[in-house]
Amino acid sequence: MAQLVEVLSTTPAQSPENSDLISCNNVWVACEQVPQIPRDNKAAALLMLTKNVDLVKDAHEEMERAVEECDPYHGLLNDDEEDNSDSHGDEQDHVLGCPNNQDSYWSEEDQELIIPCLALVRASKACLKKVRVSVAENGKKDQVTQLDDIVDISDEISPSVDDLALSIYPPMCYLTVRMSAAKLVSVLKKALEITKASHVTPQPEDSWIPLLINAIDHCMDRIKELTQNELEL
């Protein structure tokens, strides 16, 4: 509405431009979206949490697919290799079924490091799902600040998962993987702390939160173990 009023006040009445029509259409589109607006703060929080769950789920599935196919770039590089097969012949080595090219494929050490990274992303997905269930079952729409805090920290999980996912693509930099994992762990623990201290977790001592924290710590410890030698070089 503000955009429409500004356009109407600055555009001459006989102007051939159609910016006023575009602004009118934008208002109409926004009005059509009103029925889909969440009815209260709890519904809004659940909507955002569901979106974050879906984003992390997609990232996890993409990582798993790349690992299962042993193809980080989903065949994009294989096409080039096939085009140049005449010049290379059969001289290309293979490791675990993958061409031996550090810039394009994972080494055995890389693949070992990917395992706890994937587990950490699974823990991220489980964390978001558990938080969403807690909000759905115990959330109160009048607890605006607490719901906002939960959503705000949950919004940081998906970008952190994306950073970790990008860091595992070859050529892998173990320092980057370790830093990305540590950042994700920090966000997850903060999300769990905020959730535990809120009204959506009425019995924090009996909750699922300590189990998730243990799982997250285990993943991070394993990542540290696998990257330590590389960092000491």
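These residue numbers are counts, starting from 1, taken along the chain as shown.
Backbone N, Cα and C atoms are what each Cβ position is placed from, and that goes for glycine too.
Pulled from TrEMBL, these are the features on record:
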- 1-69: domain 'Cyclin-D1-binding protein 1-like N-terminal' (DOMAIN)
- 72-98: region 'Disordered' (REGION)
- 84-193: domain 'Cyclin-D1-binding protein 1-like C-terminal' (DOMAIN)
- 85-94: compositional bias 'Basic and acidic residues' (COMPBIAS)
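Averaged across the domain 'Cyclin-D1-binding protein 1-like N-terminal' (1-69), pLDDT for the predicted model comes to 85. The helix, strand and coil residue counts that DSSP assigns across the domain 'Cyclin-D1-binding protein 1-like C-terminal' (84-193) are 77 helix, 4 strand, 29 coil.
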